[in-house]
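These features come from Swiss-Prot:
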type    : residues                               : note
BINDING : R71, S72, G73, N84, L88, I89, D90, M98 : substrate binding site
Amino acid sequence: MMKKIDVKILDPRIGEEFPLPTYATPGSAGLDLRACLDNAVELAPGQTELLPTGLAIHIGDEQLAAVILPRSGLGHKHGVVLGNLVGLIDSDYQGQLMVSVWNRGDKAFTIQPGERIAQIVFVPVVQAEFNLVEDFETSERGSGGFGHSGRQ
């Protein structure tokens, strides 16, 4: 299923120096977001920084949202993950996409202008309506959690 999402280019380098986000393969779920920087940013161990992507989006469909997720290689190889772990973009948001990066590693890491720093994935939304009850219908699991089902 393909859905059109309104994207506004805020930084004129996008489409010129930095490519527009595209799906890498037909099976890709995420589009890479790039750091729209004038100069490289060095992240010291433990440091967080809010980086612009140069893109604004308006999803405009209440049945969709977007999540900003880390790129696996940055986290696994360099210890750089999202500062808020996951970013949620609501359908009515119309501002610039910003990415909070956090260096949880023990070495400084430099982010270059145009470097891919995160990915955005569009997801369906179900808005819940709470139904107040006194008790739940009994299930096999019950209230067991946090390892209740074992390790193997």
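Any Cβ shown, glycine's included, is placed from N, Cα and C.
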Count of other CB atoms lying within 10 Å of the CB belonging to M98 (substrate binding site): 15
DSSP-derived class (H/G/I helix, E/B strand, else coil) of S72 (substrate binding site): helix
Longest CA-CA distance among R71, S72, G73, N84, L88, I89, D90, M98, per record bound to substrate, angstrom: 26
Nonlocal residues around N84 (substrate binding site), in sequence order (Cβ under 8 Å, 6 or more apart): S100
